[in-house]
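Here's the structure, in structure tokens; my notes come after.
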């Protein structure tokens with residue numbers, strides 16, 4: 001049976017011929033052509049071969065060229081609207097039934113057989129009856145509403161029998177093709193009763209779960225005594241205080257590590273039981289309580305005024321935490337809970353050994369030894385951050401590569417712990433930005449460590465929280481800082497201030513001026529140097545010491561010169577042109593501020609780009625070379641001319657001698673000349689001279705042409721006379 005026969009079989013005979021929703025004749029052929037062309041182009045754009053796309057498009061057009069496109073679209077929209085309404089109501093069960101009912105009603109209103117609509121739209125048939133996908137696959141279905149309805153009722157009976165219930169079947173009589181089937185209301189009634197039963201089951205389940213939860217909490221509270229409950233709450237407060245204020249990493253703190261690995265939350269379950277014990281928990285009546293909003297979910301009775309038991313003298317808790325140990329579980333029991341293969345216990349043992357070594361080492365170190373370790377840590381971190389060499393080519397990097405990590409893991413932490421208790425942290429509202437544009441600085445040790453002295457502006461209280469979070473050297477903040485800043489700020493900020501204050505007290509005014517002068521020279525060189533970093537020894541050396549203590553000494557120099565008058569600075573300063581005084585052997589300046597490396601550039605070195613002023617100066621210098629002045633030889637001269645030498649040192653001689661003065665004198669002479677007169681007369685004379693020259697050239701051309709013409713005429717006359725003479729002679733001879 002062809003597809004047209006199937007259409008004709010189920011077509012409603014009572015449809016008026018004059019107002020039929022079915023296509024016929026030329027209208028069907030036109031719709032078929034349009035649908036086939038559009039679908040074929042769509043398939044070709046999707047990657048189908050032309051022949052396959054054409055065959056599939058023709059079959060698609062044959063199915064869709066039966067019903068008026070507008071009528072078919074109206075029926076489709078009605079079905080999808082009904083399904084979307086069910087989905088928005090989160091009723092996914094009756095969505096297909098609503099789709100079928102809407103299509104059925106719209107087909108009856110339009111006078112279209114329901115079977116014809118579904119045969120033309122197999123994808124919508126699969127949407128209305130999902131079982132047809134598994135049964136028919138991609139083949140065009142032979143649709144029979146009565147058959148599909150009976151199949152669905154049979155599936156409903158099987159499902160209800162599986163649940164042990166009696167199926168509710170109404171209006172199950174067979175109907176003719178194209179007639180209405182009341183499957184939608186029947187299925188809605190079944191769905192409503194099923195939903196009521198499921199809601200009752202869920203409510204009973206939630207009530208039972210809530211009852212069991214409260215019974216379990218009651219049993220846990222009864223197992224504790226009042227003393228045990230107080231101890232558990234005290235331990236919880238201690239742990240919370242420790243974890244919120246601990247500045248050590250999790251792997252280096254035994255308490256934080258144990259708390260981090262308490263994934264089963266056994267201890268915090270006992271905290272809930274302790275709250276219940278001290279609050280006198282009683283069984284609450286079970287009612288219609290939403291499980292997600294139950295008061296026991298997050299809120300527990302608060303307990304205040306519980307006395308805290310003093311720790312045992314000399315214990316680890318007494319030295320590290322102002323709290324008592326947990327009487328219910330100790331670290332050994334926690335190890336047993338999570339020690340499946342022995343790795344966790346071994347890891348905890350190693351952490352305890354490291355912690356014990358750090359504590360013992362911190363007690364053995366002196367203050368100067370600890371400071372030296374911190375300085376070494378800064379130097380190594382600064383070198384690693386700026387070194388551009390391979391590991392095999394750098395001795396410092398090679399030594400660090402071979403290190404097993406004990407220096408960073410143990411020695412540095414021991415030194416920091418040794419220095420941690422020497423000073424108190426500055427007040428939060430006094431913390432400032434470090435090396436940031438527009439930084440604020442306070443008085444005293446909270447001054448910015450940048451070499452440019454910022455304005456002393458008191459930090460407002462509303463800015464204190466942000467400033468403290470941004471640059472207070474908290475452990476979590478160091479991880480996101482720049483490598484240079486992180487290396488320079490590796491030690492506690494109060495220790496850095498102490499070292500700066502001690503160094504400032506030992507500085508003389510002359511030494512402080514020398515530090516500031518040296519910093520200004522380095523900054524001027526770094527800001528104007530056009531040589532690549534790897535080719536400039538000064539920039540390269542400075543890059544490797546950016547994170548070192550050289551720049552941190554600037555704050556000490558500023559502190560030393562704070563309050564010193566200009567007369568005192570001038571009196572203590574060095575004489576211009578005098579050689580630089582050598583630092584004392586072994587002093588901080590000798591170790592951290594070596595003599596500057598002179599700038600060495602090739603005479604033929606040229607930067608990649610020249611500014612307009614430099615290009616003009618170079619051209620003027622070359623022009624001056626014609627007059628015997630030494631020419632400009634490139635940017636190497638500009639480096640020396642611009643004064644990139646150390647202040648108060650002998651001036652560098654001009655390599656061009658007095659060439660610059662002569663060039664400037666010539667420029668002044670040109671500028672001093674009077675303005676030229678008006679050019680009208682000169683222009684008129686030029687035009688007259690041009691006209692006279694053109695007239696003379698014309699006359700010469702005419703005279704030349706006349707002379708040539710006269711010469712030709714004379715030659716022609718001579719030839720004529722010679723010919724005439726020859727003719728006369730011949731005639732006489734013949735006579």
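Keep in mind that glycine also has a Cβ here, set from the backbone N, Cα and C atoms.
Nobody curates TrEMBL annotations by hand; they come from automatic prediction.
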Per TrEMBL, the range holding region 'Disordered', considering 251-276, 277-302, 303-328: 303-328
With the ranges 114-134, 135-155, 219-239, 345-365 to choose from, which does TrEMBL describe as region 'Disordered'? 135-155
Region 'Disordered' according to TrEMBL, located in which of 75-99, 175-199, 375-399: 175-199
